[in-house]
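These notes concern the structure reproduced below.
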Amino acid sequence: MKNIAILSSGGDVSGMNPAIKHFVEYALHNGLTPYFVYNGFEGLIDNKITKASHSDVAGIINRGGTILGSSRSKRFMLKNYREVAKKNLDALDIDMLIVLGGDGSFRGMDIFYKEHGVKFCGIPSTIDNDINGTIYCLGVDTALNVIKDSIDNIRDTASSFSRAFVIETMGRDCGYLALVSSLCSGAELCLIPEVEYNLSSYEDSFKEQIKNGRKYFIVIVSEGIKDNSKEIAEWLEQKVGIESRVTVLGHTQRGGTPSIYDRLMAYKFVNHAIDALLGDINSSVVCYSKTGFIHKDIDEITSQKYMLDPELLSYLKKF
């Protein structure tokens, strides 16, 4: 019987636990012995590896985060620690790994594969949805729902007090969360890192809207824009003339009960990952495209920066 392990690396997302649950179920279904690696690549080095069973994943499908824990391992970037990790896997006869993470995690795992021949398949897992080669990453739908609920709640109080609210989403280099949540929440302004902006260009329009009876504004910004959220709020007060508040959603976006869509995508991602490893695709990332699931190698994933969908960007012109 072959042995296969799973770990989560980097930022956690809702959807990891459903993926972990199905990993155990589908591995056993295929005659494999499933193992958990705790605390990401750190767990490979520290030998925090245990055999998994159905009882270990009972009741986790509705939980956010990851029961395995996660980490950003600097030690795994060093060859001597990767050698320790290989010895720990060899002791348990594990030669296949599934990695829930981002492109940094996949690059580290690709080095490990080239050095030691441990086969792996990556499942894109980041709420930023910024991995090149896939149009969807695990956790994004749940994060968008968390953001949507927050904006809806903030709109209630904004309208009651005639205020503007600047709502900051995650997305240091990618404005996907801010843009999609703006479109789906009726925001009056959206600012993202990918698109240059000049706040003064909005002043006349905003003042005119207030003159015509608008009582509040919802402004959604990505954390990666050139101005911080406090500066946007100060602009609204000083130049537009409306009392303003800032809400930074922060790590709330990573939590929450996994949505139906993320549970379904977790199921599909895991199926394709295990099938790939059993089908002798030794080093790949499962990507979701407009035509379905495909496997891409790490060089293809990391060769260029993720770009927002041009159609989505075209909608930004409405703001």
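The backbone N, Cα and C atoms fix where each Cβ goes, and this holds for glycine too.
Matching ARG163, ARG214 to the substrate binding residues that Swiss-Prot gives (THR126, ILE127, ASP128, MET170, GLY171, ARG172, GLU223, ARG245, HIS251, THR252, GLN253, ARG254) identifies ARG163.
According to Swiss-Prot, the residue from GLY11, GLY175, GLY186, GLY213 that belongs to the ATP site alongside ARG72, SER73, GLY102, ASP103, GLY104, SER105 is GLY11. For ARG155 (ADP binding site), the nearest of the binding-site residues by C-alpha distance turns out to be ARG245; the candidates were SER73, SER105, ARG245, ARG254.
Shown are the binding-site residues SER73, SER105, THR126, THR252; of these, the residue with the fewest other Cβ atoms within 10 Å is THR252. Ranked by CA distance from ARG172 (substrate binding site), the binding-site residues ASP103, GLY186, GLU188 have ASP103 at the top as the closest. Packing around ASP128 (substrate binding site) is summarised by its Cβ count: 26 other Cβ atoms lie within 10 angstroms of its Cβ, all protein chains included. In terms of local Cβ density within 10 Å, ASP103 ranks first among the binding-site residues ASP103, GLU188. The secondary structure of ARG245 (substrate binding site), as reduced to three states from DSSP, is extended strand.
A sphere of 10 angstroms centred on the C-beta of MET170 (substrate binding site) encloses 24 other C-beta atoms.
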